[in-house]
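What follows is a set of notes on a single structure, which appears directly below.
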């Protein structure tokens, strides 16, 4: 079994590669917000062909999602607003 620590970050995506893929049609970045089902997220479909699992985002949220941008929690298929993702996002 692989621990969370060993999962690589998903592919970069979006303007300037500043986002990360969170699902096959979801690209999010701290400064970008989230693109769902748009051209910015097309690259994320490439993850389907890569053998190793990936996980973007630092902080878990909801039931099995990850904080993707300020106030946004993303799952593989969709994103929802999530107040707990506002707090200290990206600050360690």
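Indices start at 1 and increase along the chain as displayed.
Just so it is clear, glycine is given a Cβ too, placed from its N, Cα and C backbone atoms.
Pulled from Swiss-Prot:
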DISULFID  10-54  disulfide bond
DISULFID  13-27  disulfide bond
DISULFID  21-44  disulfide bond
DISULFID  28-34  disulfide bond
DISULFID  61-73  disulfide bond
DISULFID  67-85  disulfide bond
DISULFID  74-79  disulfide bond
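Overlay of Swiss-Prot annotations on the structure.
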| residue | record | CB count, 10 Å |
| --- | --- | --- |
| 21 | disulfide bond | 25 |
| 27 | disulfide bond | 32 |
| 28 | disulfide bond | 28 |
| 34 | disulfide bond | 20 |
| 54 | disulfide bond | 14 |
| 61 | disulfide bond | 19 |
| 67 | disulfide bond | 26 |
| 74 | disulfide bond | 28 |
| 79 | disulfide bond | 21 |
| 85 | disulfide bond | 24 |
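The two recorded residues residue 54 (disulfide bond) and residue 61 (disulfide bond) have their Cα atoms spaced 17 Å from each other. Residue 10 (disulfide bond) has a Cβ environment of 23 other Cβ atoms inside 10 Å. Here residue 73 (disulfide bond) comes close to 61, 62, 65, 66, 67, 79, 80, 81, 82, 84, 85: these same-chain residues lie at least six apart in sequence, with C-beta atoms under 8 angstroms from its C-beta. Proximity to residue 44 (disulfide bond), defined by a C-alpha to C-alpha distance within 10 angstroms, is shown by the following disulfide-bonded residues from 27, 34, 74: 27. Within 10 Å of the Cα of residue 28 (disulfide bond), the following disulfide-bonded residues from the list 10, 13, 21 place their own Cα: 13, 21. For the pair formed by residue 74 (disulfide bond) and residue 27 (disulfide bond), distance between Cα atoms is given as 10 Å, rounded to the nearest Å. You'll find the Cα of residue 13 (disulfide bond) roughly 6 Å from the Cα of residue 21 (disulfide bond).
For residue 21 (disulfide bond) paired with residue 10 (disulfide bond), the C-alpha to C-alpha distance reads 5 Å.
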